[in-house]
Amino acid sequence: MKRIGVFTSGGDSPGMNACIRAVVRAAVYHGIEVYGIHRGYKGMVKGEIYKMDSHSVSNIIQKGGTILRSARSREFMTPEGRKLAYEQLQEHGIEGLIAIGGDGTFTGANIFFEEYGIPTVGAPGTIDNDLYGTDYTIGYDTAVNTALDAIDKIRDTADSHDRVFFIEVMGRDSGYIAIPCAIGGGAEIVMIPETETSIDYVVDTLRTGWNRSKTSFIVIVAEGDDAGNATEVAAKVQQELPHMDARVTILGHVQRGGSPTAADRMLASQMGVACVEGLLQGRKCEMAGIINKELVYTPFIDTITKDKLINPQYVRLVDILSV
Ligand code: F6P
């Protein structure tokens, strides 16, 4: 393999730049050419493909976002779009790809390989940490610390005003962000998609705390919780407890930005090198990851179809620690 392409796709995450840097530097180290594909599959279809070298990735390891930009492409989901993408890769002589993203990104790469035989190795890039095949994803540690910083600040004002705050964190399908935010932020309740939390339970817990003279509360709600998002949960609870002064804070995309933590820079750097070396070893349709401190490669099909379950004991921990 003489020439590869690298791209970021789906929701950006802090550490993607550190991973791009590692891919480019590892390619240079191994004597292969590397091209950056801008805006993920969208840019691949359109031919937004540019040569990179060691200098193209100087001074980016500490930066949030992705210098390659990111997108979610509808066109690549169609056979016509993938044909155009293949033609662009052919035109640029690209023989293998490195995809930094989540399960949507790897689903696309799998189909692309079946249709056109272009091998892709993936790096787990998402703040959600819900990818099977790695203990941690690039950006997760930073996102949790960003959210925690905000929660600490909200705790100050919640305490001052005797209020209950419903704080929504990201995680459409997973409580990976919510759990450390709740435990680390000293929350009274955590609501995550993986476990059912009834509104009655939330009301009872707040009422019991109130009757014990507790006057401020933090409830962490993962955006995809089955009881609703933070706004919906707060409205339902407020109906039952009208004497409580409730507020809602949606942390939203602030969790996706910012300078990556040391842990994310380390992981991203390891993953970038592992992707290049994986491609050179002849791997295809596999994601690099770290499990129990060891580098592993997991077939895309497993990362896409298997669930990385969160330990339900963590919810119990929040209960115990908030008595
Ligand atoms: O997958 C990462 C993520 O940040 C999720 O936690 C969130 O639900 C989603 O992306 C938001 O996507 P968008 O940026 O398209 O609104």
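Note that Cβ sites are derived from N, Cα and C of the backbone, with glycine treated the same way.
Now, the feature entries from TrEMBL:
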type: DOMAIN; residues: 3-278; note: domain 'Phosphofructokinase'
type: BINDING; residues: Gly11, Arg72, Ser73, Gly102, Asp103, Gly104, Thr105; note: ATP binding site
type: BINDING; residues: Arg21, Ala22, Val23, Val24, Arg25, Arg155, Gly186, Ala187, Glu188, Arg212, Lys214, Thr215, Ser216; note: ADP binding site
type: BINDING; residues: Asp103; note: Mg(2+) binding site
type: BINDING; residues: Thr126, Ile127, Asp128, Arg163, Met170, Gly171, Arg172, Glu223, Arg247, His253, Val254, Gln255, Arg256; note: substrate binding site
type: ACT_SITE; residues: Asp128; note: active site, proton acceptor
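Shown here: features listed in TrEMBL, placed on the structure.
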residue : record                 : contacts (Cβ under 8 Å, 6+ apart)
Gly11   : ATP binding site       : Ser70, Gly102, Thr126, Ile127, Asp128, Arg256
Arg72   : ATP binding site       : Ser9, Gly10, Gly40, Lys42, Gly104
Thr105  : ATP binding site       : Ser9, Gly10, Gly40, Tyr41, Ala99, Gly122, Gly125
Arg172  : substrate binding site : Asp128, Pro193, Glu223, Gly224
Glu188  : ADP binding site       : Thr205, Leu206, Gly209, Lys214, Phe217, Ile218, Val219, Val318, Ser322
Arg247  : substrate binding site : Ala158, Arg163, Val164, Phe165, Phe166, Ala234
Val254  : substrate binding site : Thr146, Ala150
- Message: Out of the binding-site residues I have (Arg25, Gly104, Asp128, Glu188), which ones have their Cβ sitting under 6 Å from ligand 1?
- Response: Asp128
- Message: Within the domain 'Phosphofructokinase' (3-278), what mean pLDDT does the predicted structure show?
- Response: 97
- Query: If the ATP site is taken as the center of the Cβ atoms of Gly11, Arg72, Ser73, Gly102, Asp103, Gly104, Thr105, which further residues of that chain fall within 8 Å of it by their Cβ?
  - Reply: Ser9, Gly10, Gly40, Gly101, Thr107, Gly108, Thr126
- Which of Val23, Met170, all binding-site residues, has a Cβ with the fewest other Cβ atoms inside 10 Å: Met170
- Cα distance, Asp103 (ATP binding site) to Arg25 (ADP binding site), nearest Å? 25
- Separation of alpha carbons, Met170 (substrate binding site) and Ser216 (ADP binding site) (Å): 23
- Residue among the binding-site residues Ser73, Thr126, Ser216 whose Cβ has the most other Cβ atoms within 10 Å: Thr126
- Looking only at Asp103, Asp128, the binding-site residues on record, which one has the least crowded Cβ, with the fewest other Cβ atoms within 10 Å? Asp103
- Task: Run through the Cβ atoms and count how many others sit within 10 Å of the one on Gly186 (ADP binding site).
- Result: 13
- All-chain count of other Cβ atoms within 10 Å of Arg21 (ADP binding site): 24
- Message: Can you tell me the CA-to-CA distance separating Gly186 (ADP binding site) and Met170 (substrate binding site), as a whole number of Å?
- Response: 18
